[in-house]
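*Asks:* So that we are looking at the same thing, I have put the structure below in structure tokens.
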Amino acid sequence: MLVGVLLVVLALVLTGLGVGEIPLSPVQVLQAAFGQGDAVSDFVIGQLRGPRVFGAVFVGAALGVAGGIVQSVVRNPIASPDVIGITSGASASGITAIVLFGASGGTLFGVVLVGAVVVSAVIAGLAWRRGITGNRVVLVGIGVAAVCLAVTGWMLTSGTVTQAGTALLWLSGSLNAVDRDVVVVLGVAFVVLMTLALLQVPRLTVLTLGDDVAAALGLRPNRAKVLLLLTAVCLTAGAVATAGPVSFVALMAAPIARRLVGRGRVALGPVAAVGAAITLASDLLGQFAIPGTTLPVGVVTGVIGAPYLLWLLARGR
């Protein structure tokens with residue numbers, strides 16, 4: 001099943017690289033990818049479409065894996081980074097840096113990472129009662145997210161029109177400003193963090209059985225949870241720093257992947273592929289669904305993800 005999802009991702013990548021005002025065939029795309037294309041193809045793919053497409057791949061994969069880790073650790077299907085406040089904390093720190101200091105690139109990445117870690121520590125501290133439990137994390141996270149949203153609104157009203165416009169574009173979850181350098185940084189960070197996550201899959205699998213069972217099997221549940229959640233926070237921060245808060249990808253990717261590979265399995269590879277596919281498809285819809293209008297990818301994922309969240313809540317009543 002992973003092969004099937006990867007083929008879907010490959011098809012979306014080829015589509016994203018080929019469609020546009022200068023259409024390119026799959027053959028032209030592949031020739032340019034292997035350094036055999038003409039000057040026009042090389043420029044279009046290398047400078048214009050390539051960073052956007054591969055940025056979408058890494059952003060979606062990072063958010064998908066982060067969501068899968070959080071949902072498995074907390075054992076709650078709605079406990080994704082954007083629901084429990086991690087994304088809101090990263091967004092608030094990013095908006096503050098953009099409005100007050102005009103931050104971008106590596107500076108923005110660092111500020112967002114620090115903000116996400118600090119907010120996550122606050123959530124964990126407030127939710128801690130002899131360990132981290134699902135319902136408390138969700139409820140505390142929603143409250144912390146509300147505070148972060150208030151900070152974001154305050155920053156937007158405090159800046160100039162130009163600063164507010166830049167911040168709003170980033171806040172909507174946009175891939176428009178992604179360039180090759182940003183994609184390289186995010187790609188390297190994703191490979192490192194994904195490797196760390198895969199090394200922790202055995203612990204994550206044991207944690208899904210419950211804290212008591214995990215402790216009986218010799219695992220320290222709280223220590224394992226902290227390490228896993230820190231990995232998820234870093235993945236979320238990298239994605240948010242690159243494209244802004246792309247909503248609901250982290251929420252949807254893991255449940256879809258579980259339906260594909262079978263319930264009860266912790267499979268981060270399929271989760272990453274599904275997250276990449278959702279983000280790529282949403283970005284293509286945002287660019288071409290409405291002629292003459294380009295929607296940020298975060299708007300499209302929000303339109304898709306909000307009904308899914310409502311369905312989850314209705315099913316869980």
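From the backbone N, Cα and C atoms, a Cβ is placed for every residue, glycine too.
OK, TrEMBL features for this one:
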- 56-74: transmembrane segment (TRANSMEM)
- 83-102: transmembrane segment (TRANSMEM)
- 108-128: transmembrane segment (TRANSMEM)
- 137-155: transmembrane segment (TRANSMEM)
- 161-178: transmembrane segment (TRANSMEM)
- 183-201: transmembrane segment (TRANSMEM)
- 226-254: transmembrane segment (TRANSMEM)
- 266-289: transmembrane segment (TRANSMEM)
- 295-314: transmembrane segment (TRANSMEM)
*Asks:* If you count every Cβ pair below 8 Å, which range out of 56-74, 161-178, 226-254, 295-314 shares the most with the transmembrane segment (83-102)?
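*Replies:* It is 226-254, which has the most Cβ pairs under 8 Å.
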*Asks:* Do any residues, 6 or more residues outside the transmembrane segment (295-314), come within under 8 Å Cβ-to-Cβ of it, and if so which ones?
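*Replies:* Counting only partners 6 or more residues beyond its ends, the transmembrane segment (295-314) has Cβ contacts under 8 Å with 56, 77-78, 83, 169, 172-176, 243-249, 251-252, 278-279, 282-283, 285-287, 289.
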*Asks:* Counting Cβ pairs closer than 8 Å, which of 56-74, 137-155, 161-178, 226-254, 266-289 has the most of them with the transmembrane segment (108-128)?
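*Replies:* Checked against 56-74, 137-155, 161-178, 226-254, 266-289; highest Cβ contact count belongs to 226-254.
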*Asks:* Where, among 56-74, 137-155, 161-178, 266-289, do we find the most CB pairs under 8 A to the transmembrane segment (226-254)?
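*Replies:* Stretch with the highest Cβ contact count: 56-74.
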*Asks:* Take the transmembrane segment (56-74) and find every residue of the same chain, 6 or more past its ends, with a Cβ under 8 Å from one of its Cβ atoms.
*Replies:* 9, 13, 16, 80-81, 84, 86, 132-134, 137-138, 175, 183, 186-187, 190, 193-194, 197, 204, 207-208, 225, 228-229, 231-233, 235-236, 238-239, 242-243, 246, 249-255, 257, 266, 268, 271-280, 283, 297
*Asks:* Quick test of the contact rule: Cβ under 8 Å, at least six residues beyond the ends. What residues does that give for the transmembrane segment (161-178)?
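*Replies:* The answer is 51-52, 55-56, 59, 91, 94-95, 98-99, 102, 152, 155, 242-247, 283, 294, 296-299, 301-302.
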